[in-house]
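K.L.:
Questions regarding the structure given below will be posed in turn.
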Amino acid sequence: MVTIRADEIRNIIRERIEQYNREVKILNKGTVLQVGDAIARIHGLYEVMAGELVEFEEGTIGIALNLESNNVGVVLMGDGLMIKEGSSVKATGRIAQIPVGEAYLGRVINAQANPIDGRGKISSSAFRLIEASAPGIISRRSIYEPLQTGLIAIDSMIPIGRGQRELIIGDRQTGKTAVATDTIINQQGQNVICVYVAIGQKASSVAQVVTTLQERGAMEYTIVVAETADSPATLQYLAPYTGAALAEYFMYSERHTLIIYDDLSKQAQAYRQMSLLLRRPPGREAYPGDVFYLHSRLLERAAKLSSKLGEGSMTALPIVETQSGDVSAYIPTNVISITDGQIFLSVDLFNAGIRPAINVGISVSRVGSAAQIKAMKKVAGKLKLELAQFAELEAFAQFASDLDKTSQNQLARGQRLRELLKQSQSAPLTVAEQIMTIYTGINGYLDSLPLGQVRKFLIELCTYLKTNKPRFQEILSSTKTFTEEAEDLLKEAIRDQMDRFLLKEQAEINF
């Protein structure tokens, strides 16, 4: 029989009492009052912060956006089909953040930085807030390096610099995404990390872009953030900020980044949907009053950092869709006023077979020639003026029955200049090829050729110059200037190729 020793029991109880730590844990909890349309109204959560993540009983995450006197309006980052009225919600004490790092290169992810390309998990130890403050004035420096798009019309007349925000605007089906993807393809070998953000697009369109980038070897340095048309409005609204956080990671690591938002009209529509469901007062075109801030805080994150911070850069190319060419609508005017210029794509030019369909007359870069190398500045200086004069004369020529010889020559020159701006999709040109093309057109070497032969001649001239005059490329690459030697080499190549081309054409006619 076991004897019970009272002193032993007393010692054990005393020991336990001494070890007892009375810790009171207060949880910031609430109860679901109403749920539907990816919006939940919560009673409680008295100490929740604006933008704080909240977690529902069944695991769905939401963001507290509306802090009202008697309830909290939460937008859901999922369908929320299992959330019931009366179920509990707890505040997490965290603001939305995502993992970032080199491992994301070449991957397709969603707004929560989860992979959606079926290639397994992405491991990363670094994190960045989705909503981060833009660099201040002291943290920036003026833009001075060009970001080459590979498109003659842009690089010569609407130059983009590293750290700039340049809007691509136009109606649907005018080639906005094509301009953006061509720019990504042209960054190959330029040590630029690209982030492509697809907002509210068809899954097939996103897949097409990814396939194009893979075929051209551009996915190696590109991250695709995609929230398709069937995604909740909350995730479509967050996707651009996720892309910006990823690009910022590389920018602050002293690297150069390019981010494309395709497109911000759909993000604004998703935000409008959320705001109306949260019963926020509607303003112009039913958008909420802070829709300008929605885009300004996103686009201000693009910057060219100061030398103290490593001179990294983040160049933003936001895309905005217009209706029937109306650039005076609410979202287009907002984004135009935030950005450092716009590239306007025209339906009429697109239908006339001028692609990329860039309307040079109303497109502008507010950084200008600061984002061009000296060689391009020297050669392309007159191009925009000549095209503007040609457009004016062409409009007049429709009504005039007979024109003098000078006007006829100017029209012929203008038509050839317009022809040399045409480019096939996914066929970007190097700076040397662009300078060669513009110089040939501006100096009248193409005037004697029939209009239909211009592109053929330029392609052959480009091949001839690469093969027989490699020194031309070397001079431009090393000095970035259009020296007398480079000009002499180019003139010689044009003369040689013109003779060969005309002989060849004559032989074909005779045959």
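Indices start at 1 and increase along the chain as displayed.
Every residue gets a Cβ built from N, Cα and C, even glycine.
Computed from a predicted structure; not experimentally measured.
So Swiss-Prot has the following annotated:
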type: BINDING; residues: Gly170, Asp171, Arg172, Gln173, Thr174, Gly175, Lys176, Thr177; note: ATP binding site
type: SITE; residues: Ser363; note: site 'Required for activity'
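Set these features in their place in the structure for me.
P.N.:
According to its DSSP assignment, Gly170 (ATP binding site) is in a strand. Within the same chain, residues at least six positions away from Gly170 (ATP binding site) with a Cβ under 8 Å of its Cβ are Lys176, Glu321, Thr322, Gly325, Phe344, Leu345, Ser346, Val347, Ala357.
Taking the Cβ of Ser363 (site 'Required for activity') as centre and 10 Å as the limit, one finds 22 other Cβ atoms among all the protein chains shown.
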K.L.:
Around the ATP site formed by Gly170, Asp171, Arg172, Gln173, Thr174, Gly175, Lys176, Thr177, list the extra residues of the same chain whose Cβ is within 8 Å of the site's Cβ centroid.
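P.N.:
Along the chain, the qualifying residues are Glu321, Leu345, Phe350, Ala357.
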K.L.:
Rank the binding-site residues Arg172, Lys176 by how many other Cβ atoms lie within 10 Å of each Cβ and give me the one with the fewest.
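P.N.:
Ranked by other Cβ atoms within 10 Å, the binding-site residues Arg172, Lys176 bottom out at Arg172.
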K.L.:
Mind checking which of Gln173, Thr174, Thr177 has the fewest other CB atoms within 10 A of its CB? They're the binding-site residues.
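P.N.:
With the binding-site residues Gln173, Thr174, Thr177, fewest surrounding Cβ atoms within 10 Å: Gln173.
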